[in-house]
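Noted in TrEMBL for the protein shown:
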| type | residues | note |
| --- | --- | --- |
| TRANSMEM | 32-51 | transmembrane segment |
| TRANSMEM | 58-78 | transmembrane segment |
| TRANSMEM | 84-102 | transmembrane segment |
| TRANSMEM | 114-132 | transmembrane segment |
| TRANSMEM | 160-180 | transmembrane segment |
| TRANSMEM | 201-223 | transmembrane segment |
| TRANSMEM | 229-251 | transmembrane segment |
| TRANSMEM | 258-280 | transmembrane segment |
| TRANSMEM | 286-309 | transmembrane segment |
Amino acid sequence: MMTLNNKTIAMLLAAAFLLALAAPWLIPQYRIDRLTLALIYGAATIGLVIITGRAGQLSIGHSAFFGIGAYTTGILLVRDILPLPLALLAGALAGGVLGLVFGKPALKLRGFQLAIVTAALAIVFPLMLPRFSDLTGGHAGLAIPPQFAPESWGLSSVSWMYMVTVVTIAILVFVAWAVTRNRLGRALDAIRLSELTARSMGIDVAGYKLAAFTVSAICAGLAGGLYAAAIGFIAPEAFGLLINLTFLAALMVGGSRVIAGALIGGLFVQLVPELAAGLSQAWTQLLFGAILIAVVFFLPGGLVSLIPIMQRKVSRPAKTAATTSADTTDCD
(Lines of atoms letter the chains of each structure in order from A; the text may use other names.)
(Lines give C-alpha, C1' and ligand atoms only; values in the text may rest on other atoms or scores of the structure.)
Protein backbone atom coordinates (compact mmCIF):
# COMPACT_ATOMS: atom_id res chain seq x y z
CA MET A 1 0.00 0.00 0.00
CA MET A 2 1.39 3.41 -0.97
CA THR A 3 1.80 6.00 1.74
CA LEU A 4 2.92 9.59 1.91
CA ASN A 5 6.24 10.41 3.54
CA ASN A 6 6.43 13.06 6.25
CA LYS A 7 8.14 15.61 4.00
CA THR A 8 5.40 15.38 1.37
CA ILE A 9 2.66 15.66 3.99
CA ALA A 10 4.32 18.72 5.55
CA MET A 11 4.73 20.42 2.17
CA LEU A 12 1.13 19.74 1.15
CA LEU A 13 -0.26 20.98 4.46
CA ALA A 14 1.90 24.12 4.40
CA ALA A 15 0.78 24.90 0.84
CA ALA A 16 -2.85 24.27 1.76
CA PHE A 17 -2.55 26.53 4.83
CA LEU A 18 -1.08 29.44 2.83
CA LEU A 19 -3.68 29.03 0.10
CA ALA A 20 -6.45 28.91 2.70
CA LEU A 21 -5.25 32.14 4.32
CA ALA A 22 -5.35 33.87 0.95
CA ALA A 23 -8.90 32.69 0.16
CA PRO A 24 -10.74 35.87 1.31
CA TRP A 25 -8.85 37.80 -1.37
CA LEU A 26 -9.22 35.12 -4.06
CA ILE A 27 -12.87 34.03 -3.97
CA PRO A 28 -16.16 35.91 -3.64
CA GLN A 29 -17.20 36.89 -0.12
CA TYR A 30 -20.49 35.00 -0.30
CA ARG A 31 -18.59 31.71 -0.70
CA ILE A 32 -16.32 32.28 2.29
CA ASP A 33 -18.98 31.24 4.80
CA ARG A 34 -19.53 27.95 2.90
CA LEU A 35 -15.80 27.29 2.91
CA THR A 36 -15.71 28.04 6.64
CA LEU A 37 -18.44 25.47 7.25
CA ALA A 38 -16.60 22.91 5.11
CA LEU A 39 -13.46 23.35 7.22
CA ILE A 40 -15.50 23.05 10.42
CA TYR A 41 -16.97 19.75 9.21
CA GLY A 42 -13.43 18.64 8.45
CA ALA A 43 -12.32 19.53 11.98
CA ALA A 44 -15.17 17.48 13.45
CA THR A 45 -14.24 14.57 11.19
CA ILE A 46 -10.67 14.60 12.52
CA GLY A 47 -12.18 13.25 15.73
CA LEU A 48 -13.69 10.34 13.80
CA VAL A 49 -10.33 9.63 12.16
CA ILE A 50 -8.95 9.03 15.66
CA ILE A 51 -11.76 6.96 17.20
CA THR A 52 -13.10 5.16 14.11
CA GLY A 53 -10.31 5.20 11.53
CA ARG A 54 -7.41 4.53 13.90
CA ALA A 55 -9.01 2.81 16.90
CA GLY A 56 -11.66 0.95 14.89
CA GLN A 57 -14.55 1.97 17.17
CA LEU A 58 -17.70 2.99 15.27
CA SER A 59 -19.16 6.07 16.97
CA ILE A 60 -22.42 7.63 15.76
CA GLY A 61 -22.71 10.05 18.66
CA HIS A 62 -20.30 12.66 17.37
CA SER A 63 -23.09 15.23 17.05
CA ALA A 64 -23.52 15.35 20.83
CA PHE A 65 -19.88 16.38 21.36
CA PHE A 66 -20.16 18.79 18.44
CA GLY A 67 -23.35 20.20 19.95
CA ILE A 68 -22.12 20.63 23.51
CA GLY A 69 -19.06 22.45 22.17
CA ALA A 70 -21.33 24.72 20.12
CA TYR A 71 -23.64 25.52 23.02
CA THR A 72 -20.81 26.04 25.51
CA THR A 73 -19.05 28.48 23.20
CA GLY A 74 -22.32 30.12 22.16
CA ILE A 75 -23.53 30.72 25.72
CA LEU A 76 -20.17 32.18 26.77
CA LEU A 77 -20.19 34.56 23.80
CA VAL A 78 -23.84 35.59 24.22
CA ARG A 79 -23.30 36.41 27.88
CA ASP A 80 -19.95 38.03 27.14
CA ILE A 81 -18.24 35.87 29.74
CA LEU A 82 -15.12 34.97 27.74
CA PRO A 83 -13.43 36.24 24.56
CA LEU A 84 -13.64 34.05 21.47
CA PRO A 85 -10.35 32.10 21.89
CA LEU A 86 -11.16 31.09 25.48
CA ALA A 87 -14.79 30.35 24.57
CA LEU A 88 -13.56 27.98 21.85
CA LEU A 89 -11.23 26.32 24.33
CA ALA A 90 -14.13 25.92 26.77
CA GLY A 91 -16.20 24.30 24.01
CA ALA A 92 -13.41 21.83 23.31
CA LEU A 93 -13.10 20.99 27.02
CA ALA A 94 -16.87 20.53 27.32
CA GLY A 95 -16.77 18.04 24.46
CA GLY A 96 -13.86 16.24 26.12
CA VAL A 97 -15.62 16.00 29.48
CA LEU A 98 -18.77 14.56 27.88
CA GLY A 99 -16.63 12.13 25.90
CA LEU A 100 -14.80 11.03 29.03
CA VAL A 101 -17.97 10.58 31.10
CA PHE A 102 -19.92 8.80 28.36
CA GLY A 103 -16.99 6.86 26.96
CA LYS A 104 -16.05 5.04 30.16
CA PRO A 105 -19.18 2.84 30.25
CA ALA A 106 -19.87 2.91 26.49
CA LEU A 107 -16.47 1.57 25.45
CA LYS A 108 -17.10 -1.67 27.29
CA LEU A 109 -19.15 -2.42 24.18
CA ARG A 110 -17.83 -3.05 20.69
CA GLY A 111 -18.93 -2.98 17.09
CA PHE A 112 -22.66 -2.75 16.44
CA GLN A 113 -23.50 -2.41 20.15
CA LEU A 114 -21.23 0.62 20.52
CA ALA A 115 -22.74 2.15 17.38
CA ILE A 116 -26.27 1.76 18.81
CA VAL A 117 -25.34 3.28 22.19
CA THR A 118 -23.58 6.27 20.63
CA ALA A 119 -26.51 6.73 18.24
CA ALA A 120 -28.78 6.86 21.29
CA LEU A 121 -26.63 9.69 22.66
CA ALA A 122 -27.05 11.55 19.36
CA ILE A 123 -30.83 11.16 19.63
CA VAL A 124 -31.12 12.14 23.29
CA PHE A 125 -28.81 15.18 23.23
CA PRO A 126 -31.01 17.55 21.16
CA LEU A 127 -34.06 16.42 23.15
CA MET A 128 -32.39 17.55 26.38
CA LEU A 129 -31.49 21.05 25.20
CA PRO A 130 -35.00 22.58 25.50
CA ARG A 131 -35.09 21.53 29.17
CA PHE A 132 -32.43 24.16 29.83
CA SER A 133 -34.08 26.90 27.78
CA ASP A 134 -32.81 29.69 30.06
CA LEU A 135 -29.31 28.84 28.84
CA THR A 136 -29.88 27.28 25.43
CA GLY A 137 -32.81 29.32 24.13
CA GLY A 138 -34.90 26.15 23.90
CA HIS A 139 -36.59 25.31 20.60
CA ALA A 140 -36.23 28.93 19.46
CA GLY A 141 -32.46 28.53 19.39
CA LEU A 142 -29.63 30.81 20.44
CA ALA A 143 -28.52 33.85 18.44
CA ILE A 144 -24.81 34.56 18.82
CA PRO A 145 -23.41 38.05 18.21
CA PRO A 146 -21.08 38.44 15.20
CA GLN A 147 -17.37 38.22 15.91
CA PHE A 148 -15.30 41.05 14.47
CA ALA A 149 -11.60 41.44 13.72
CA PRO A 150 -9.58 44.32 15.16
CA GLU A 151 -10.69 47.45 13.31
CA SER A 152 -7.29 48.05 11.74
CA TRP A 153 -7.45 44.66 9.97
CA GLY A 154 -10.31 45.74 7.71
CA LEU A 155 -11.94 42.29 7.62
CA SER A 156 -15.66 41.58 7.61
CA SER A 157 -17.15 39.34 10.30
CA VAL A 158 -17.43 36.48 7.79
CA SER A 159 -13.79 36.79 6.68
CA TRP A 160 -12.59 37.14 10.28
CA MET A 161 -14.35 33.94 11.38
CA TYR A 162 -12.92 32.20 8.34
CA MET A 163 -9.38 33.25 9.33
CA VAL A 164 -9.99 32.19 12.94
CA THR A 165 -11.24 28.83 11.67
CA VAL A 166 -8.21 28.29 9.41
CA VAL A 167 -5.69 29.08 12.16
CA THR A 168 -7.56 27.02 14.77
CA ILE A 169 -7.79 24.02 12.47
CA ALA A 170 -4.09 24.33 11.57
CA ILE A 171 -3.27 24.05 15.27
CA LEU A 172 -5.73 21.15 15.65
CA VAL A 173 -4.20 19.30 12.70
CA PHE A 174 -0.69 19.66 14.12
CA VAL A 175 -1.74 18.51 17.61
CA ALA A 176 -3.79 15.58 16.26
CA TRP A 177 -0.92 14.55 13.99
CA ALA A 178 1.57 14.71 16.87
CA VAL A 179 -0.73 12.72 19.16
CA THR A 180 -1.38 9.96 16.64
CA ARG A 181 2.30 9.66 15.71
CA ASN A 182 3.38 8.67 19.20
CA ARG A 183 2.60 5.71 21.44
CA LEU A 184 -1.13 6.44 21.37
CA GLY A 185 -1.29 6.09 17.59
CA ARG A 186 0.62 2.80 17.60
CA ALA A 187 -1.59 1.44 20.37
CA LEU A 188 -4.76 2.41 18.51
CA ASP A 189 -3.53 0.68 15.35
CA ALA A 190 -2.88 -2.48 17.36
CA ILE A 191 -6.33 -2.28 18.97
CA ARG A 192 -8.00 -1.84 15.58
CA LEU A 193 -6.27 -4.92 14.19
CA SER A 194 -6.97 -7.14 17.21
CA GLU A 195 -7.88 -6.23 20.77
CA LEU A 196 -6.84 -9.69 21.96
CA THR A 197 -3.40 -9.36 20.41
CA ALA A 198 -3.07 -5.83 21.78
CA ARG A 199 -3.79 -7.08 25.31
CA SER A 200 -1.22 -9.85 24.91
CA MET A 201 1.33 -7.14 24.02
CA GLY A 202 0.65 -5.40 27.34
CA ILE A 203 -1.43 -2.57 25.88
CA ASP A 204 -4.08 -1.10 28.18
CA VAL A 205 -6.91 -1.50 25.66
CA ALA A 206 -9.62 0.11 27.80
CA GLY A 207 -7.39 3.06 28.72
CA TYR A 208 -6.29 3.78 25.16
CA LYS A 209 -9.82 3.45 23.79
CA LEU A 210 -11.05 5.93 26.39
CA ALA A 211 -8.19 8.30 25.56
CA ALA A 212 -9.06 8.09 21.86
CA PHE A 213 -12.75 8.66 22.58
CA THR A 214 -11.94 11.71 24.71
CA VAL A 215 -9.55 13.22 22.16
CA SER A 216 -12.15 12.60 19.46
CA ALA A 217 -14.78 14.40 21.55
CA ILE A 218 -12.40 17.34 22.14
CA CYS A 219 -11.97 17.72 18.36
CA ALA A 220 -15.75 17.66 17.89
CA GLY A 221 -16.29 20.14 20.74
CA LEU A 222 -13.79 22.58 19.23
CA ALA A 223 -15.44 22.23 15.82
CA GLY A 224 -18.82 22.85 17.43
CA GLY A 225 -17.53 26.04 19.02
CA LEU A 226 -16.29 27.27 15.66
CA TYR A 227 -19.67 26.38 14.16
CA ALA A 228 -21.56 28.44 16.73
CA ALA A 229 -19.31 31.49 16.32
CA ALA A 230 -19.24 31.30 12.51
CA ILE A 231 -22.91 30.54 11.83
CA GLY A 232 -24.21 32.90 14.52
CA PHE A 233 -27.24 30.78 15.37
CA ILE A 234 -27.68 27.33 16.90
CA ALA A 235 -30.79 25.27 17.60
CA PRO A 236 -31.35 21.70 18.86
CA GLU A 237 -32.29 20.25 15.46
CA ALA A 238 -28.84 21.13 14.09
CA PHE A 239 -27.25 18.50 16.35
CA GLY A 240 -29.39 15.45 15.71
CA LEU A 241 -28.57 12.09 14.20
CA LEU A 242 -28.49 13.39 10.63
CA ILE A 243 -25.30 15.43 10.98
CA ASN A 244 -23.48 12.27 12.08
CA LEU A 245 -24.15 10.86 8.62
CA THR A 246 -22.47 13.96 7.18
CA PHE A 247 -19.41 13.37 9.36
CA LEU A 248 -19.28 9.66 8.45
CA ALA A 249 -19.62 10.49 4.75
CA ALA A 250 -16.72 12.93 5.09
CA LEU A 251 -14.70 10.21 6.81
CA MET A 252 -15.33 7.65 4.06
CA VAL A 253 -14.80 10.03 1.16
CA GLY A 254 -11.69 11.77 2.48
CA GLY A 255 -9.92 8.82 4.05
CA SER A 256 -10.60 7.23 7.41
CA ARG A 257 -7.06 6.94 8.77
CA VAL A 258 -5.41 10.16 7.60
CA ILE A 259 -6.00 13.57 9.19
CA ALA A 260 -5.70 15.34 5.84
CA GLY A 261 -8.44 13.03 4.58
CA ALA A 262 -10.84 14.48 7.16
CA LEU A 263 -10.36 17.97 5.73
CA ILE A 264 -10.80 16.70 2.17
CA GLY A 265 -13.97 14.93 3.26
CA GLY A 266 -15.27 18.08 4.93
CA LEU A 267 -14.73 20.04 1.73
CA PHE A 268 -16.51 17.32 -0.23
CA VAL A 269 -19.69 17.09 1.86
CA GLN A 270 -20.14 20.85 1.93
CA LEU A 271 -18.87 22.04 -1.44
CA VAL A 272 -20.17 19.32 -3.78
CA PRO A 273 -23.83 20.19 -3.02
CA GLU A 274 -22.86 23.87 -3.26
CA LEU A 275 -21.26 23.42 -6.69
CA ALA A 276 -24.27 21.40 -7.84
CA ALA A 277 -26.69 24.11 -6.74
CA GLY A 278 -27.91 24.57 -10.32
CA LEU A 279 -29.33 21.05 -10.28
CA SER A 280 -32.52 19.96 -8.59
CA GLN A 281 -32.29 18.58 -5.06
CA ALA A 282 -32.92 15.05 -6.32
CA TRP A 283 -30.09 15.26 -8.88
CA THR A 284 -27.76 16.81 -6.30
CA GLN A 285 -28.42 13.96 -3.88
CA LEU A 286 -27.99 11.43 -6.69
CA LEU A 287 -24.63 12.95 -7.67
CA PHE A 288 -23.49 13.04 -4.04
CA GLY A 289 -24.49 9.42 -3.48
CA ALA A 290 -22.91 8.23 -6.72
CA ILE A 291 -19.56 9.85 -5.88
CA LEU A 292 -19.71 8.44 -2.35
CA ILE A 293 -20.38 4.90 -3.61
CA ALA A 294 -17.67 5.20 -6.27
CA VAL A 295 -15.08 6.29 -3.70
CA VAL A 296 -16.01 3.48 -1.30
CA PHE A 297 -15.70 0.83 -4.04
CA PHE A 298 -12.76 2.11 -6.08
CA LEU A 299 -10.81 4.17 -3.51
CA PRO A 300 -11.25 2.41 -0.15
CA GLY A 301 -8.49 4.62 1.23
CA GLY A 302 -10.52 7.73 0.35
CA LEU A 303 -9.70 10.63 -1.95
CA VAL A 304 -6.51 11.25 0.00
CA SER A 305 -5.15 7.98 -1.43
CA LEU A 306 -5.04 9.65 -4.85
CA ILE A 307 -2.12 11.81 -3.68
CA PRO A 308 0.48 9.00 -3.40
CA ILE A 309 -0.86 7.50 -6.65
CA MET A 310 -0.26 10.79 -8.47
CA GLN A 311 3.07 11.20 -6.69
CA ARG A 312 4.16 7.80 -7.99
CA LYS A 313 3.07 8.60 -11.54
CA VAL A 314 4.95 11.90 -11.49
CA SER A 315 8.13 10.36 -10.09
CA ARG A 316 8.10 7.38 -12.47
CA PRO A 317 8.94 9.37 -15.66
CA ALA A 318 11.74 11.14 -13.80
CA LYS A 319 13.22 7.81 -12.72
CA THR A 320 12.83 6.44 -16.25
CA ALA A 321 14.58 9.49 -17.70
CA ALA A 322 17.41 9.17 -15.18
CA THR A 323 17.83 5.48 -16.02
CA THR A 324 17.85 6.20 -19.75
CA SER A 325 20.46 8.92 -19.26
CA ALA A 326 22.65 6.58 -17.24
CA ASP A 327 22.38 3.86 -19.88
CA THR A 328 23.35 6.34 -22.61
CA THR A 329 26.39 7.43 -20.61
CA ASP A 330 27.47 3.82 -20.15
CA CYS A 331 27.17 3.20 -23.88
CA ASP A 332 29.36 6.22 -24.56
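Count begins at 1; order follows the chain as displayed.
Including glycine, each Cβ sits where the backbone N, Cα and C put it.
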Stretch contact, the transmembrane segment (201-223) with the transmembrane segment (160-180), Cβ-Cβ under 8 Å, 3+ pairs: yes
Go through 58-78, 114-132, 258-280, 286-309 and flag the stretch with the largest number of C-beta pairs under 8 Å relative to the transmembrane segment (32-51). 258-280
What stretch of 58-78, 229-251, 286-309 shows the most Cβ pairs under 8 Å to the transmembrane segment (258-280)? 286-309
Checking 58-78, 84-102, 114-132, 229-251, 286-309 against the transmembrane segment (160-180) for Cβ pairs under 8 Å, the most are found for 229-251
Let me spell it out: take the transmembrane segment (229-251), skip the flanking residues so only those 6+ beyond its ends count, and list any with a Cβ under 8 Å from a Cβ in it. 33, 36-37, 40-42, 44-45, 48-49, 52-53, 60-64, 66-67, 70-71, 73-74, 77, 84, 87-88, 119, 122-123, 125-127, 129-130, 136-137, 139-147, 161-162, 164-165, 261-262, 265-266, 268-269, 292
